[in-house]
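Summarising the annotation, TrEMBL assigns region 'Disordered' to 1-24, 114-143, 237-257. As annotated by TrEMBL, compositional bias 'Basic and acidic residues' applies to 9-21, 127-140. If you look up TrEMBL, you'll see 30-120, 149-237, 264-318 marked as domain 'Fibronectin type-III'.
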Amino acid sequence: EELPLPSEKPQHEKHQTESHASKAPLVRAVLGELRVSSVTPSSVQLQWSVPEGSFDSFMLQYRDAQGQPQALPVDGGSHLVTVLGLSPSHRYRFHLYGLQGRKKIDHVSTEAVTAAAQPEKLPLPTEEPKQEKPETKSHPSEGPLVRAVLGELRVYSVTPSSVGLQWSVPKGSFDSFMLQYRDAQGQPQALPIDGGSRSVTVPGLSPSHRYRFHLYGLRGGKRIDRVSTDIVTASEELLPSEENEQEKPETESPASEALPARAVLGELRASSVTPNSVQLQWSVPEGSFDSFMLQYRDAQGQPQALPVDGGYHSVTVP
């Protein structure tokens with residue numbers, strides 16, 4: 001209820017935030033331009049800067065193709081977000097709010113049109129990597145100083161509805177990445193990823209289904225390198241409640257036997273709540289974890305599992 005719908009005028013918001021900031025100049029926080037860094041038929045990647053001060057969190061608001069308001073909370077440390085589940089060739093207006101506590105301090109907006117249903121520039125995932133590889137090898141040889149290489153694409157987490165993928169960049173760097181695969185219905189999907197990322201979680205998959213993922217490393221819009229992997233999603237046999245009961249005694253005993261490797265989770269708390277999402281945060285006061293797994297049941301009672309990279313201590317459940 002506290003955040004307005006995107007139909008509200010940004011101008012009204014701006015006056016309020018500026019007067020608030022002027023009362024406390026020491027904690028003034030300013031949002032830079034909100035710009036579109038990548039567009040696919042079903043997603044838009046947005047980037048922004050914070051030239052002054054800092055925000056506890058951000059909130060991205062927009063209306064979907066059916067005109068329903070959507071709100072996506074973003075961690076305060078992030079300056080990039082990928083909005084999934086959009087419709088092709090559709091104009092969206094995005095509103096980004098910078099929050100301190102639960103107060104809206106600043107607001108920027110932008111518009112983006114998603115790509116047409118069939119992207120022509122990137123090949124479909126069914127194309128064989130052999131065709132792509134010779135092209136990528138010849139291009140880097142023209143500039144050995146800026147050669148960029150993708151390491152192995154490997155799976156670090158599998159659930160019935162998602163896959164967590166990791167990769168490395170042993171040489172050079174990429175502006176961005178593009179993950180491509182076909183969904184259970186055979187439709188091509190493309191997921192843009194920021195060049196600084198080395199992992200991604202692919203949601204919305206079907207259980208016990210084989211997927212082939214292709215990761216492209218891009219520079220200046222050109223595909224420089226490519227790696228692929230196959231994975232089969234887990235079955236829905238084990239429910240979250242059953243998994244927890246079976247695993248708990250096992251996880252506690254190894255920790256007590258090896259105190260130096262003990263890892264402890266801090267309190268799990270909700271840092272942001274919207275009508276259709278929850279942002280959760282936690283701490284690791286002792287030791288470290290390779291990864292996390294968030295489990296819950298959706299409104300229909302179906303078990304859901306969301307893998308999280310070990311370096312993150314927050315997650316948004318959309």
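The backbone N, Cα and C atoms fix where each Cβ goes, glycine too.
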Averaged across the domain 'Fibronectin type-III' (30-120), what pLDDT does the model get? Just tell me the whole number, please. 87
With DSSP as the yardstick, break the domain 'Fibronectin type-III' (30-120) down into helix, strand and coil residue counts. 0 helix, 50 strand, 41 coil
